[in-house]
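Peer 1: Quick paste of what TrEMBL says about this protein:
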- 149-426: domain 'SAM-dependent MTase RsmB/NOP-type' (DOMAIN)
- 244, 245, 246, 247, 248, 249, 250, 265, 309: S-adenosyl-L-methionine binding site (BINDING)
- 362: active site, nucleophile (ACT_SITE)
């Protein structure tokens, strides 16, 4: 019975995510079916949903030979259970008989899917014994076609394929340590390795169970996400504005460096998360929080440096949030460059002459990175302050000819894809 409930919950997570366009985290909060599970059953449901989302496009191509109509025409519960069953068979290596029997049982015991049990039985009996179409599907078909085109346009076939391969694997957990002098000792105690510019990497798992969580010794932050704050070149006591700051990983980095930190974000909900994170780490007294639109915010004095982690498509984080490829569309992406340019112009207004701005987006799309930057340089008194190989460290292969940084995945070193540029205000 618990196996059936787990499959029902996994299917419900897919419905919440794909049909209602929610993140997987939001789906887990909202799904009553998932919420009713506990312990291993809950972990099993999440693992199945995550596996399906990581390779959704390939799963649909793998199932196509066994369907008379496109999978999108099936009712949501049947469609979701079919994808979960295929993910179990082709990705999680669940025995064929268990995939068929437990998925069909899940349908029979779920009022929303009961009428589809015969359909599921017929399709899965064939699918579990023939993964030919799944294996033949291109790596980049993990995404919808329009996104594959976008990423290939920005990165080329090889770059896009590398990003797709990265998405297929569950990511490790990267930590930023509050006190760098404590990092080596902590790494030994928790069995972590040093990666990037000093991050600690441990196997994915229960975050709260890792030593130092309750003491506020570290926070979760991808190794690539930890780069921008380190490029500010700030000194203790200087004033730094962190624009679009929530949920606060970079804010905490800046505060831990001893800067007078002002975190600005228009979302009060996200700022609440930032406040909670600051309290756990013990940095709440070092940060001023401002609930305002960074485009129009007008402080009493200018900053020595500004960090702008601008809203973006977030396609550089698909290895951690694979549903992002399916809950966003071309129209959603089209609005970001305008927002990013306006925010960069605001950052130029908020920093002192001679001050530093670091602009970053967690996406490799050229239209949100280099194109936005080029437009800002034409319309503001900003100039590039090129990032050098020593500063980029393990990410130096991603340096462009202009001194920007694109953190694409490397052999043996998985991380998110960021575009990062450092600028100076000249007037």
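Going from the start of the chain as shown, residues are counted 1 onward.
Keep in mind that glycine also has a Cβ here, set from the backbone N, Cα and C atoms.
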Peer 1: Whole-number Å only: compute the distance from the Cα of the residue listed as 'active site, nucleophile' to the Cα of residue 248 (S-adenosyl-L-methionine binding site).
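Peer 2: With distance taken Cα to Cα, residue 248 (S-adenosyl-L-methionine binding site) is 15 Å from the residue listed as 'active site, nucleophile'.
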Peer 1: Across the listed S-adenosyl-L-methionine-binding residues, 244, 245, 246, 247, 248, 249, 250, 265, 309, what is the farthest Cα to Cα distance, given in whole Å?
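Peer 2: It comes out at 13 Å between the most distant Cα atoms.
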Peer 1: Beyond the listed site residues 244, 245, 246, 247, 248, 249, 250, 265, 309, identify every same-chain residue whose Cβ lies within 8 Å of the center of their Cβ atoms for the S-adenosyl-L-methionine site.
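Peer 2: Surrounding the site, in chain order, are 242, 251, 263, 270, 274.
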Peer 1: Specify the secondary structure state of residue 362 (active site, nucleophile) as given by DSSP, simplified to three classes.
Peer 2: coil
Peer 1: Could you pull the average pLDDT for the domain 'SAM-dependent MTase RsmB/NOP-type' (149-426)?
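Peer 2: That stretch averages a pLDDT of 96.
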Peer 1: CB neighbours of residue 244 (S-adenosyl-L-methionine binding site) within 10 A?
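Peer 2: If we count other Cβ atoms within 10 Å of residue 244 (S-adenosyl-L-methionine binding site), we arrive at 22.
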Peer 1: Reduce the DSSP letter at residue 244 (S-adenosyl-L-methionine binding site) to three states and note it down.
Peer 2: coil
Peer 1: By a simple count, how many Cβ atoms lie within 10 Å of the Cβ of residue 246 (S-adenosyl-L-methionine binding site), its own Cβ left out?
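Peer 2: There are 24 such Cβ atoms around residue 246 (S-adenosyl-L-methionine binding site).
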